[in-house]
Amino acid sequence: MTDSMITGDLKGRKVILHDMCLRDGMHAKREQISVEQMIKVATAMDDAGVPYLQVTHGAGLGGNSLQHGFALASNEEYIHAVSSRMKQAKVSVLLIPGLGTMDELRSAYEAGARSVHVATHCTEADTSPQHIACARELGMDSTGFLMMAHLNDPKGLAEQGKLMESYGAHTVYITDSAGYMLPADVKARVQALRDVLKPETEIGFHGHHNLGMGIANSIAAIDAGATRIDGSVAGLGAGAGNTPLEVFAAVCERMGIETGVDVFKLTDVAEEIIVPMMDHIVRIDRESLALGYAGVYSTFLLPAKRAAERYGVPARDILVELGRKKMIGGQEDMIDDTAMTMAKERGLLKAVAS
Amino acid sequence: MQKIKCALIGSGNIGTDLIYKIQRSEYLEPVWMVGIDPESEGLKRAQEMGLKTTAEGVDGLLPHVEKDGIQIAFDATSAYVHAENSRKLNALGVLMIDLTPAAIGPLCVPPVNLKEHTDKYEMNVNMISCAGQATIPIVNAVAQVQPVDYAEIVATLASHSIGPGTRANLDEFTYTTSNALTKVGGARRGKALAVINPAEPPMIMRNTVSCLTDETPDEQAITKSVLAMIKEVQKYVPGYRLVNGPVFDDKRVTVFMEVEGLGDYLPKYAGNLDIMTAAATRTAEMFAQEIIEGTFKPRPVEVA
């Protein structure tokens, strides 16, 4: 990090926090968070003043599948259970075109969702027009979410963001799905968006903590003009988790950035509710570091560990190979496929005669 | 030998690739290419390849249908205009091969059910989607052995091979393919996922097919059936290949496929384009053979 990273005084800047524990965190829990647990987490966060909570299967609407795993309840059941109990927080959902559909978005809206991240790979924004338009028609807070943003340059991202704005997105996100970016990368990308988007269009940043940069990257994003930040309390999310939201809120308070959340209440949620829920301690272990280092989709972590057990090829080798083959979000099927192909090359698996 | 004269509607990736496939056919001859943009690369390519062209849409073709003896038309436009195109051409006795997700006519996957459609002399058959053509044969190969409760497919396509129409209407692609996994594949429930990957160099089309069987899968019989089906598809798409599997995991059967194209209009990575155009060409050839042998005479469809 250089001194030029933070150029402005951020005192007095207002930022909207968006918690991902009950969506990105589903990945870290193999989609096994119960409705009761969701209610407990969400009501505590609502009480701590978090304005937006994302609630769906880890892969979003339409996510229940062999490819992405089956959750304990339907998206509608989760959304309804949470949204009906919120005093101030709004419930948001994730929709990845090609997986989720407009029918599922309408159904999520009926269940109480009022905000949506419509997510595409960072070069494929033009697969999202019908879904963003549908969200706007429903009156939802609509975000265009450019995933794996390290794989596109600032100029390219600006063009993609402009497309999403033209479809009706209120906000465009730079999404560091691989936890690969460094603060200067984030700043250049957010600035490029700020230069081309309308002044009323907001910019957001969604980080992963695979290289420990979640907080620094989010601050860099705010410095360049972002007003919305995704994180998850105690970092419950894919890979080494999202930007830990309670830590980020504390840093914001020190810097005079206004988030409207109660830091100590959030630290209670982290310590008393989220950490005890974890199946494994979400941290930068050898494999999640490999994700950030090689630029691999964070969600691939646990399936790669499972494939490693099954086919005898180390998870880190599988992840690095997936990065080399430029696999993107949604290609979870290629984890087993790649593991099998590597196992054949290493003489650990026999091919079917064809 | 007599060939059946064809019109191609839509001058995008699929329509343009069809010219190559049909020109090579023993039974078909491409005569007209219909577009809406006189500057489109597809129309220019068609002219260079000796086809008559119009940029006036289907209405530009209608006055020439009888004179030029057009008997089969391929529609590669969009679901929204297909119904009207089909009505107009069916009324003139032209058989429609529908490559849009409109699916007005019965769904067709050649090695699974083409014979049924030619036996019934259908005047409009639908080719579902590239992902459908690539995965339904495998679902059907499993379903031929034992009942399949659920089939799920993941198609990964190279970004360069996906045109603006498909991109703007991704839900139609999803719905059409999911529906066909049950109707043609034979599964009780179906779900289709699509991923568009921009990697450079572009990746070859990949398809992962998973089936949940009612009872424990018969590993030997399913493997045999899948391998036999792959050979059938290879008759018209030589680059249709098994990469990994079948993998058996409790009641789940998973097959990992790739589809390399012939590299006619788009390079070989765009197997999705090839499997669609090759399947449509094979379908048209089956009808054309019947027309040539005199067993099928396409007739004008009365407009209701």
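Each Cβ is built from the backbone N, Cα and C atoms, and glycine gets one as well.
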Mn(2+) binding, same site as A:H206, A:H208 - TrEMBL member from A:D24, A:D46, A:D47:
A:D24
Of A:S65, A:S166, A:S177, which does TrEMBL put in the substrate site with A:R23, A:D24, A:H206, A:Y297?
A:S177
Rounded to a whole angstrom, what is the C-alpha distance between A:H27 (active site, proton acceptor) and A:Y297 (substrate binding site)?
12
Extent of the substrate binding site in Å [max Cα distance among A:R23, A:D24, A:S177, A:H206, A:Y297]
15
Minimum Cβ neighbour count within 10 Å among the recorded positions A:H27, A:H206, A:H208: which residue?
A:H27
Within 10 Å of the Cβ of A:S177 (substrate binding site), how many other Cβ atoms can you find? Include all protein chains, please.
32
Given the substrate site A:R23, A:D24, A:S177, A:H206, A:Y297, its other Cβ neighbours within 8 Å of the Cβ centroid, in chain order, are A:M20, A:H27, A:M147, A:T175, A:H208, A:G237, A:A238, A:N242, A:S298, A:T299, A:G329
A:R23 (substrate binding site) has how many other Cβ neighbours within 10 Å of its own Cβ?
30
